[in-house]
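These come from Swiss-Prot:
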{"type": "ACT_SITE", "residues": "S221", "note": "active site, acyl-ester intermediate"}
{"type": "ACT_SITE", "residues": "E353", "note": "active site, charge relay system"}
{"type": "ACT_SITE", "residues": "H466", "note": "active site, charge relay system"}
{"type": "DISULFID", "residues": "C87-C116", "note": "disulfide bond"}
{"type": "DISULFID", "residues": "C273-C284", "note": "disulfide bond"}
{"type": "CARBOHYD", "residues": "N79", "note": "N-linked glycosylation site"}
{"type": "CARBOHYD", "residues": "N489", "note": "N-linked glycosylation site"}
{"type": "MOD_RES", "residues": "K382", "note": "N6-succinyllysine"}
{"type": "MOTIF", "residues": "562-565", "note": "motif 'Prevents secretion from ER'"}
{"type": "SIGNAL", "residues": "1-18", "note": "signal peptide"}
Amino acid sequence: MRLYPLVWLFLAACTAWGYPSSPPVVNTVKGKVLGKYVNLEGFAQPVAVFLGIPFAKPPLGSLRFAPPQPAEPWNFVKNTTSYPPMCSQDAVGGQVLSELFTNRKENIPLQFSEDCLYLNVYTPADLTKNSRLPVMVWIHGGGLVVGGASTYDGQVLSAHENVVVVTIQYRLGIWGFFSTGDEHSQGNWGHLDQVAALHWVQDNIANFGGNPGSVTIFGESAGGFSVSALVLSPLAKNLFHRAISESGVVLTSALITTDSKPIANLIATLSGCKTTTSAVMVHCLRQKTEDELLETSLKLNLFKLDLLGNPKESYPFLPTVIDGVVLPKTPEEILAEKSFNTVPYIVGINKQEFGWIIPTLMGYPLSEGKLDQKTAKSLLWKSYPTLKISEKMIPVVAEKYFGGTDDPAKRKDLFQDLVADVMFGVPSVMVSRSHRDAGAPTFMYEFEYRPSFVSAMRPKTVIGDHGDELFSVFGSPFLKDGASEEETNLSKMVMKYWANFARNGNPNGGGLPHWPEYDQKEGYLKIGASTQAAQRLKDKEVAFWSELRAKEAAEEPSHWKHVEL
């Protein structure tokens with residue numbers, strides 16, 4: 001009987017420490033959801049976590065290759081305490097990416113389904129009060145073909161910075177981006193899902209303690225690309241108020257096309273569908289089971305370098321399309337016309353974007369640690385679908401990047417710099433300049449740090465690889481073991497910059513190294529073991545590639561100018 005006082009003491013302590021005695025239940029427009037409280041070491045106030053809230057109807061049957069529809073209402077308390085399935089994708093690729101990028105200590109068991117339009121919410125708010133905290137909506141990466149929301153646990157960012165974190169899912173691969181280039185299957189379904197999730201945030205986030213008038217969208221890689229596309233999209237107007245693109249912007253040409261017909265025909269053919277008309281293709285593909293489409297997907301060899309085929313007929317990505325809806329015109333035209341959502345914007349890259357993870361996943365033969373001139377040029381041509389460097393320009397590019405060395409090891413490093421510049425560095429600076437020139441507050445960063453959590457297979461020389469900043473942004477040192485004080489402080493600093501920006505459109509604040517705005521002086525922040533301002537990120541590279549592309553366009557008028565939209 002003597003236990004009773006202890007039990008009461010425990011319950012009293014729980015309540016005193018802000019740990020409510022019953023789990024959180026929140027009203028959404030469609031029905032009530034039940035979450036759970038998680039306590040983070042060092043924080044009295046727990047974070048309420050809701051996993052797998054539906055923001056659209058399952059995109060099945062006739063809703064495959066169709067815009068997302070509103071979720072059906074429910075009249076019970078929906079249990080949202082377990083991870084939703086990730087969108088259909090190659091399970092091996094999805095698993096690898098999740099294990100490489102997660103900030104969790106333990107890997108979560110992954111499930112995949114075509115029924116995947118769910119989001120997760122992490123809120124530090126006292127749900128009995130009317131809080132209006134800044135909202136940060138995360139769009140995951142994975143080349144628009146793999147990935148999921150639950151890889152990224154939002155509790156640390158939420159607790160440390162007192163913000164509501166929402167992680168969203170969107171259709172991927174064939175399901176998300178199949179486009180016949182006409183009304184039968186316009187494409188960009190994945191982006192329409194992202195817009196639908198932002199509408200859900202506007203309608204519901206206030207009940208989770210969030211302020212729908214202060215929404216920051218942020219994402220990495222294809223997620224950063226998606227953020228950049230939403231900045232340009234009229235559909236997303238007023239659905240967010242600031243944006244952060246980490247290692248990916250809409251000028252990354254591998255992920256965008258004006259002509260989706262060839263890849264649509266390829267998908268239909270690989271699926272055993274006739275390609276006589278768009279309507280026939282779409283009807284046939286809608287009849288396929290999820291597994292059959294997955295089989296087709298695997299045959300496409302997405303995100304792989306094709307060393308054998310004709311580079312002009314290789315499709316390693318299922319890209320976003322200029323559909324006249326999500327993107328009314330090409331990104332270049334929208335940026336030039338300054339007709340986009342001029343919200344405050346952080347754009348950044350990592351020091352070695354093509355350091356290890358991307359070349360490894362894509363199957364680049366770089367493991368020997370050296371490249372001769374002939375192989376380097378051949379790889380540039382084989383990379384045409386990703387880099388879009390014409391055969392004629394390869395000697396010019398090779399001379400510019402490798403001309404000064406005969407050392408095959410150095411040449412390999414320079415080859416990796418070249419690919420990183422084309423895929424990430426140059427497009428990021430060009431987007432930032434356009435944003436700045438349209439009068440919107442713009443901030444740039446370059447991240448250079450090797451997290452302690454990365455794969456042991458990765459060479460020690462790779463510092464600031466693609467995805468390395470994720471461990472800082474999502475507070476890995478507070479969930480995983482083994483981080484140094486330096487790494488822990490770096491994560492605190494990055495979370496503070498990101499959340500300051502979410503709060504007021506400027507990352508600066510007390511105790512942080514000053515981050516200059518990206519203006520005509522082109523000041524930016526180098527983030528790493530020592531964090532300091534610098535100037536003119538990649539300006540020489542941008543000058544070289546701009547001139548080269550202009551020359552290319554003059555000699556060979558780009559076919560997209562004549563494509564009927």
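Cβ from N, Cα, C; glycine included.
C116 (disulfide bond) counts 27 other C-beta atoms within 10 Å of its own C-beta, drawing on all protein chains shown. Candidate recorded positions: C87, C273, C284, K382, H466. Nearest to the residue listed as 'active site, acyl-ester intermediate' by Cα distance: H466. Under the DSSP three-state reduction, N489 (N-linked glycosylation site) is assigned to helix. Cβ neighbour counts within 10 Å, taken over all protein chains shown, single out S221 as the most crowded of the recorded positions N79, S221, N489. Shown are the disulfide-bonded residues C87, C273, C284; the one with the most C-beta atoms within 10 angstroms of its own C-beta is C87. Note on the residue listed as 'N6-succinyllysine': other Cβ atoms within 10 Å of its Cβ, all shown chains, come to 21.
Comparing C-alpha positions, K382 (N6-succinyllysine) sits nearest to C87 among the recorded positions C87, C116, C284, N489. If you measure from the Cα atom of H466 (active site, charge relay system) to that of E353 (active site, charge relay system), you get 4 Å. Look at K382 (N6-succinyllysine): DSSP puts it in a helix. Cα-Cα distance from N79 (N-linked glycosylation site) to C116 (disulfide bond): 16 Å (rounded to the nearest whole number).
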